[in-house]
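Now, the feature entries from TrEMBL:
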{"type": "ACT_SITE", "residues": "LYS11", "note": "active site"}
{"type": "ACT_SITE", "residues": "ASP136", "note": "active site"}
{"type": "BINDING", "residues": "PRO94, VAL95, ALA96, SER97, GLY98, LEU99, GLY100, GLY101, GLY102, SER103, SER104", "note": "ATP binding site"}
{"type": "DOMAIN", "residues": "66-144", "note": "domain 'GHMP kinase N-terminal'"}
{"type": "DOMAIN", "residues": "199-271", "note": "domain 'GHMP kinase C-terminal'"}
Amino acid sequence: MKQLRLNAYAKINLTLDVLGDRPDGYHDIETVLHTVELHDTIILKENGDGITLRCASPAVPAETQNIVHRAAHLLREAFQIPRGIEIELTKRIPVASGLGGGSSDAAVTLLGLAQMWKLRVDNRQLMELGGKIGSDVPFFLIGGAALALGRGERVRMLRPLPTTWVVIARPTLEITSEWAYKALDHGAVRRRPDTSGVVRALESEDARGVGHLLCNVFEEIVIAHHPIVGTIRERMAGHRPLGVALSGTGPAVFAMAANEAAATEMARGVEQMSGVEVFVTRTFAEER
């Protein structure tokens, strides 16, 4: 039986701006993303003649509602693969947290199955398939650092950060992207990201410059409705990080630290808060 074990890495949004509405119901965005070492694990096994998904986490949608199952089904149908597949998913990335766990799982499933089934598929084809599954999936097909435009499916690779320590804190609440986009008032946003400045800082491998420019337009609205997010942000900022921001539409908040000791100290400070899950990780760029 063929078997393949893969890691699906989380992401943080170094910038996130919403440029306007689209006729298809989505929104045009501009965002700089970066993968981090926090990851889920996926094991693919050839088995039977259908698609079976196993995951112990009760927070993960079952079988056909799951983005991983949809990814496997789409690839299998597109290339008329008769063989079945069993997918075992071990979750470590918090669900519905703004860290892209589901999209990363789907992207890695596409990459792994393309390898396992020896498909003649190029990166452009995979990106098109990924865009049908979820807006963040194309980014996770390349990982590292990237600028994403459109609804997120148009991706341009950027120079990744030098390895930088990151602390992620997630309160025990869920925020849907649908709610966040509906709640956002474009005209009321007081601070917008300097995306080009972040891109220049990345090209210069300037982690401090990137940290100084972290910005997410959803921060104000999320903090207004969920004050715990603001409290976490303030607690992190008190440890003098390189920068701190909301990731995605939240509720996870991340901070870039100057070194491992600073990250560990910050994590200890945030862990004292009730109902907050904390991860210490690092930026990461994998060769695809």
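Placement of Cβ uses the backbone N, Cα and C atoms for every residue, glycine included.
All TrEMBL annotations are machine predictions without curation.
Not measured: the values here are computed from a predicted model.
Projection of TrEMBL feature records onto the structure.
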residue	record	DSSP (3 states)
LYS11	active site	strand
PRO94	ATP binding site	coil
GLY100	ATP binding site	coil
ASP136	active site	coil
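A distance of 13 Å separates the Cα atom of ALA96 (ATP binding site) from that of LYS11 (active site). Within 10 Å of LYS11 (active site), judged by CA to CA distance, lie the following binding-site residues from the set PRO94, GLY100, GLY102, SER104: GLY100, SER104.
A gap of 9 Å separates the Cα atoms of ASP136 (active site) and GLY102 (ATP binding site). Cβ contacts within 10 Å of GLY102 (ATP binding site), excluding its own Cβ and spanning all protein chains shown: 26.
Other residues of the chain with a Cβ within 8 Å of the Cβ centroid of PRO94, VAL95, ALA96, SER97, GLY98, LEU99, GLY100, GLY101, GLY102, SER103, SER104, the ATP site, are ALA10, ILE93, GLY248. Around the Cβ of GLY100 (ATP binding site), the same chain contributes ALA10, LYS11, LEU33, ILE93, ASP136, PHE139, PHE140, GLY248, each under 8 angstroms and 6 or more positions distant in sequence. In terms of DSSP secondary structure, the domain 'GHMP kinase N-terminal' (66-144) contains 45 helix, 6 strand, 28 coil.
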